[in-house]
């Protein structure tokens, strides 16, 4: 049989044993007329060249010796086993892709890698708002956080110009890349906030700007081309609190209460180098008590998962206890104990920006950039934006119901009910508010009709 032409000491001894034990190698008998059957071929590895890797082994065909009529023929051997076949070219992206795991490994464990590659290719957006009165170091702190100069084109106003200055909204956008990860950072500044003698409702332009970004995103999301939506929603607001005083001022309370339902507020105790360590602790405790007393909802750190390591839990607890963050900003590099650090030089010593014993700058940067940036974006999308979106849909629904009821009454009575005009003698400010509200209602009604048409076309 097979032993007639395969010797035990030959190179094909293992093949003989494999064919004998292999369940799919059924013997094939020649026909009764003893017709000469073509000689079968087997693949035998050629000696490997030093230029070839393990995955590029070539095979050559060798002919067997002339079989006799009584010999049996068998089917070709099975394909290469998983342990000897070439690995996938995606193996470097799949840490679980190994020959030993092929029988039980499906491959969906690579989904995080796929999401990571796609996210890195697309890049990330983050919009940060800084608010507070002038002179608290907002621009310096932002430049220190992201190691870039975002205010190189800023024009400093004189004393007379500051008197007449009103609250403005300015945007500074910059692309930052670090280790192949691209971040499109937008800084929203509020020059003029809190600088006037009468600061009544000076927070209103800031609230209107946040609502405008929500409205623009809602319009883009409701349109047909939703693939390239630019996300300009404000993800975080750093509110700077003056170190001079005994706690929160009425303006601070009014601002945070007006915006805490619209944006994630992170309170900042500015210019911490003007306070002693004991004063910093007392002022932090006082600010936390007043925030709770006035019902202000600042950004809440998410609870740690049960499977988090102890170091991360301790770090998260330290961040929670540091609210409000007492920070120092500086773009100056000074010499301290034989090394160059960013800080401020005083006659009595050096204050280092990145020294945790001097201020909370490192903790703020860790929270804002390294650990909670994505959570800030998630809370903005899932809470603040959804609240605005729900209000818009409810308003549009009420408008549609009101319009349908009016049309129904018109059809039943056969007469039109004209929209009542503005009563005579109304002051100009009230007329302006009424016109703005009517214009807003018309825009929302048009948007609802547009959504309804798109839904009909889709179905």
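Placed from the backbone N, Cα and C atoms, the Cβ positions cover glycine too.
Listed in sequence order, 130, 131, 132, 189, 238, 240, 270 are the same-chain residues at least 6 apart in sequence whose CB falls under 8 Å from the CB of residue 138 (GTP binding site). Here Swiss-Prot flags 132-139, 166, 271-279, 329, 344 as GTP binding site.
For 434-459, the entry in Swiss-Prot reads coiled coil.
Residues or ranges marked as domain 'Septin-type G' in Swiss-Prot (evidence: sequence analysis): 122-395.
Under the heading phosphoserine, Swiss-Prot lists 10 (among others), citing similarity to another entry as support.
Residues annotated as phosphoserine in Swiss-Prot, with similarity to another entry given as evidence: 49 (among others).
What Swiss-Prot records for 98 (among others) is phosphoserine, and it gives similarity to another entry as the kind of evidence.
The phosphoserine feature in Swiss-Prot is assigned to 99 (among others); the stated evidence is similarity to another entry.
The phosphoserine annotation in Swiss-Prot covers 306 (among others), and the record cites similarity to another entry as its basis. Under DSSP, residue 306 (phosphoserine) is assigned to coil, being neither helix nor strand in the three-state scheme. Annotation for residue 306 (phosphoserine): no same-chain Cβ neighbours under 8 Å separated by at least 6 residues are found.
The phosphoserine annotation in Swiss-Prot covers 413 (among others), and the record cites similarity to another entry as its basis.
Here Swiss-Prot flags 415 as phosphothreonine.
The region 'Disordered' annotation in Swiss-Prot covers 18-52 (among others).
Residues or ranges marked as region 'Disordered' by Swiss-Prot: 70-98 (among others).
Averaged over the region 'G1 motif' (132-139), the predicted model reaches a pLDDT of 85. Positions annotated as region 'G1 motif' by Swiss-Prot: 132-139.
Counting same-chain residues at least six beyond the ends of the region 'G3 motif' (189-192), those with a Cβ under 8 angstroms from any Cβ of the stretch are 129-132, 134, 138-139, 162, 165-172, 205-206. Swiss-Prot lists 189-192 with the feature region 'G3 motif', giving sequence analysis as the kind of evidence.
Per-class residue totals from DSSP over the region 'G4 motif' (270-273), listed helix then strand then coil: 2 helix, 0 strand, 2 coil. Annotation source Swiss-Prot lists region 'G4 motif' at 270-273, citing sequence analysis.
Positions annotated as region 'Disordered' by Swiss-Prot: 410-430 (among others).
Counting every protein chain shown, the Cβ of residue 274 (GTP binding site) has 12 other Cβ atoms within 10 Å. Note on the region 'G4 motif' (270-273): residues 132, 136-138, 141, 240-243, 280, 326-328, 344, 351, 358-360 of its chain, located 6 or more positions outside it, place their CB under 8 angstroms from a CB of the stretch. Among residues of the same chain six or more beyond the coiled coil (434-459), those with a C-beta under 8 A of the stretch's C-beta atoms are 219, 222, 224, 392, 395-397, 399-400, 403, 422, 426. The helix, strand and coil residue counts that DSSP assigns across the region 'G1 motif' (132-139) are 2 helix, 0 strand, 6 coil.
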